[in-house]
Amino acid sequence: MTEAGAPIAEPGAGIGYQGPLRRLGTRLAAGRTVPILTVLAAIVVLWYAAAIGMNFATETAKLDRAAAPYTLADTIAATWGSERPILPAPHQIVVELYTSTVLVRPSSPRSLLFHAWVTLSSTLLGFVLGTLLGVALAIGILHSRTLDKSLMPWIITSQTIPILAIAPMIIVVLNAVGVQGLLPKAFISTYLSFFPVTVGMVKGLRSPDRMLIDLMHTYSASRSQTLVKLRWPASMPFLFTSMKVGVAAALVGAIVGELPTGAVAGLGARLLAGSYYGQTIQIWSALFAAAFMAGILVWLVGLAETASLKRMGAKR
Amino acid sequence: MSVISAENLDLVFQTDDGPVQALSAIDLDIEKGEFVSLIGPSGCGKTTLLRVIADLETPTGGTITVNGMTPGEAREKRAYGYVFQASALFPWRTIAANIALPLEVMGIDRAERERRIEDNLALVDLSGFGNRFPWQLSGGMQQRASIARALAVQPDMLLMDEPFGALDEIVRDHLNEELLKLWAKTGKTVVFVTHSIPEAVFLSTRIVVMSPRPGRIHEIVNCDLGPDRPLDIRDTPEFLAIAHRVRDGLRAGHGYD
C-alpha cells in the first residue's frame, strides 16, 4: 500500500520565533476569530452611534426641562445612560444581563436564568418531539407513495400558516381539554421544528446511491433492514443539518407560545412584560439571552454531529 | 448441469422516448464452474443480462432459470454474490463491517461472521485491513474488499459487472491474475461483464460476444487456454488467435459498416 509521505517538517520550521504566542497569533489569523471579532467591533460602534441618534430628542427634552446649562457631551452621555431609552447602549444591556443573571437567585422570577430555563425546557421538549415526529413522517413518506402524495402538501401548508395566529389557538384548545403548563408551549415548538426534520430526512433517506440499494436487493434485505443498515446511516448528515434549523425554530416556537397567553414566566413573558412597562433594556437583554441560547443549542447539535460522524469514519 | 439457462429471453424498457429493446432472443446456458465473459460495446445489453440473472431487472419475455429456479428464488437463496463496477462499500463501515453486512442481513451469528471476515480478507490478500475505512484504501484494494464481501455469503456463483473497469491497467492486470487464482481455488461459476478483449480472453472459458440495437448474442467463442494462465500467455499465438476472433465478432455485430 502506498501512503503519501508526510512532510519532513512544517513549511517555515526553524525560522524565527516559534513560541506559543506566535502560534496563537497564526491560528487567530488563519481561523474565524479575527473576522468575527472585527464584525462585532463594527456592530458595537454603529450601535453606540445609533443610540445617540435614537435617544437624542428625548434626552435633549429632559435636559431642557432641568433648566440647567448642558453641553453636547452631556447629551451624548445621557443618551447612553437613560433608564428607558428607545435604543439602549450595548453596555446597558451587558449590565442588565449581568445583574439579572449573577446578582439574583436563579429561582427568583427576577432572574433571567429562571425565565431562560422555563423557555429552554419547553424548547427542548418540543424539539425532541418535533425531531421524532419529523423522522417518523419522513420514514412514512419514504415507504408509502400514498403518504408521499397526501401528506407532503399538507406539511408544507402547515408552515405557511403564521405561527402567531395559530399559537393562541393551540393553547386555547389544549387548555379546554385540560392540557396545561409545559406541553402546549412545547407543541408549538414541535409544530415549527418537525418541518425541517421531515424535509431533510426525506431527502436523506432517499440519498443512497442506486447501486447501494441494488446491493441490498441482491442480499434479499427486507425494507426495514435496508432502512436500518443503509438509509438511516446515509441520512445522518441530513438529520443533523435539519436538527440545527429545527432547534432554532423550536426556540422561536417556545417564545411565541409565551406571548399570547399572558404567561408569567419565560423569555417570551419577559419580552411582553418589558414592552408593557417600557423596559427596553429588559427587552433587549431577553432578546440577547434568547440569541445566546439559540447559539448554544445549535452549537451542541453541531458537537453531536461531529462526534457521530467521526464515529462513522468521516475523513478528519 | 447448467446453473444459468436462458431461453429466448426478451427485455423491453419503456422509456419516455418509446420502448427500447435491451435484450432480444437471448439463448444461453452456463455450466457449473465455468468462467463466462459477456463482452460488447455499450448498449449491447451485457450489464442488463447480468442484472436479469441477479433479479435486478425483470425480463419481458422468454424464460430464465438460475440453479433451476427463477432468478427471484435464487436471489432469496443467496445463490450469487454481485460485484459492481464501483466497490459500493458503505463509507461509514470499516472493511470488516462491510464484509459483515450481507452476513448481518442473513442473520448469521457473530462468531461465524468473524470467521468469514478473516477468511475472505485473507482470500483477497487484505488481512490486517479489516479495521480501516474504505477511503483509507486504494481503488484496487476497495474493489478487492468488495469481492471479499461478495464471497462472504458463500455463493455458488459470482456475478461481476465490469469490476475492474475503473482501475488502471497495472492494478487491473494484477487483479485479473488474483481473480483467476481465486476462481481456480474456489471453483465458483463466474459471469463477468467487460468491454476489454484481453481481459475477457485472459479470464474466460467462454466469451459471449454481444451486439447492440437490439441487444443480442452475436457469437459465443470458446476460450480453451487451460487452467494455468500466467500474464505472458497474452503474447502466445493461441491467445492472439482467440482475441482476434472476438474482435472480428465485435466488428461484425456492430453494424457501423
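The backbone N, Cα and C atoms fix where each Cβ goes, and this holds for glycine too.
Bear in mind that TrEMBL entries carry predicted annotations, made automatically and left uncurated.
Record features (TrEMBL):
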- A:29-50: transmembrane segment (TRANSMEM)
- A:112-305: domain 'ABC transmembrane type-1' (DOMAIN)
- A:114-142: transmembrane segment (TRANSMEM)
- A:154-176: transmembrane segment (TRANSMEM)
- A:182-202: transmembrane segment (TRANSMEM)
- A:245-269: transmembrane segment (TRANSMEM)
- A:281-302: transmembrane segment (TRANSMEM)
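Proximity of the transmembrane segment (A:154-176) to the transmembrane segment (A:245-269) is established through 3 or more Cβ-Cβ distances under 8 Å for residue pairs spaced 6 or more apart. Note on the transmembrane segment (A:182-202): residues 121-123, 125-127, 129-131, 133-135, 137-139, 141-142, 155, 158-159, 163, 166-167, 170-171, 174-175, 235, 238-239, 241-243, 245-247, 249-254, 256-258, 263, 266 of its chain, located 6 or more positions outside it, place their CB under 8 angstroms from a CB of the stretch.
For the transmembrane segment (A:245-269), the list of distant contacts is 109, 114-116, 118-120, 122-124, 126-127, 130-131, 134, 163-164, 167-168, 170-171, 184-186, 188-197, 200, 286, 289-290, 293-294, 297-298, 301: same-chain residues at least six beyond its ends, Cβ to Cβ under 8 Å.
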